[in-house]
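Q: Quick one: the structure is below, questions incoming.
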């Protein structure tokens, strides 16, 4: 595109011509030089071509020349612009034709593409609509679900309260190791106890004893079971002292204690063993060995003919002695057994296992040996 350059050059030439101080005018014969068949009859009068023009003549000549140049400039500009416009029109025509042919050729392909994309566009619109619905539902959910959530929480609180009540009832009535019955001692009383009648004589040089206990209260000495004769009321005693377990054989001086093995209100499986051969003695709580010693009532023999009781001790049983209320047991007892030998570790653990209440001692067997409840003691299941 040279149009701006041409216009600039033309305008610059006109300005230079108009502002020039000196004009060298040359006379031009403007008569028509075409031969029209007429010939002059006389010679033309000679003129002085070098006649100097007046100021007015110079001015008119300058104006005439300026108008001529302006006309020429306008004509040239018009020609240039017309040519440029024609060239641009032709170029645009070629471009339009070139673009029309590919578009016409690609029309069916574009139509097929649009038809293929229409399902995708529809699915996109549907997905956007579903997302908007979900967002709207999520925004309204707290208001809609708070009442329902409150009802659920209230139901959970009631269920928890009911569950606590059931657990409390089960804790009061549940019996361990599959035992079906227990002896309940409602309070400490010198009249409340159980008398045991062994199936075999209590003449022992070794023994093992196990018992399930759930105590409601424990003092300095709370008897679980005791065996005594008229000469020695302390032949065998298993009792609680606060949270400790104590086993006595042959007298008060021969005792073994294990500290912190019993919890009030919870079932505990307690065992004790003794052998006269080395005076070995051991205590077990819930299947674990908690205390052991030797040289306890070594070479001693437990005589027969005494009284075996649970939940109480009879001081001087055969010479008019009585029961001591402060030694009485309160709570529940079940699974009381005595063997005339020392059980192995496996046997002791098995005697406190699940459904172990069918394991019975050969001297006293729970559910087989007669145990009479006295005072307010009673069997419960």
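Heads up, residue numbers simply count up from 1 along the chain you see.
Backbone N, Cα and C define each Cβ position, glycine as well.
Pasting the feature list from Swiss-Prot:
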| type | residues | note |
| --- | --- | --- |
| SIGNAL | 1-17 | signal peptide |
| DOMAIN | 179-381 | domain 'Pentraxin (PTX)' |
| DISULFID | 179-357 | disulfide bond |
| DISULFID | 210-271 | disulfide bond |
| CARBOHYD | 220 | N-linked glycosylation site |
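I'd like these features described in context: how deep, what's nearby, how far apart.
A: Residue 179 (disulfide bond) falls outside any helix or strand according to DSSP and counts as coil. The number of other CB atoms found within 10 A of the CB of residue 179 (disulfide bond), across every protein chain shown, is 19.
DSSP assigns residue 210 (disulfide bond) to a strand in the three-state reduction. Sequence-distant contacts (6 or more apart, same chain, Cβ under 8 Å) of residue 210 (disulfide bond) comprise 269, 270, 271, 284, 335, 336, 337, 348, 351, 352, 361.
Cβ contacts within 10 Å of residue 220 (N-linked glycosylation site), excluding its own Cβ and spanning all protein chains shown: 10.
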Q: For residue 220 (N-linked glycosylation site), just give me the three-state DSSP call.
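A: In the DSSP reduction, residue 220 (N-linked glycosylation site) maps to coil.
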Q: With a 10 Å radius around each C-beta, find which of these disulfide-bonded residues (271, 357) has the fewest other C-beta atoms nearby.
A: 357
Q: What mean pLDDT does the predicted model reach across the domain 'Pentraxin (PTX)' (179-381)?
A: 93
Q: May I ask for the distance between residue 220 (N-linked glycosylation site) and residue 357 (disulfide bond), taken between their Cα atoms and rounded to an integer number of Å?
A: 29
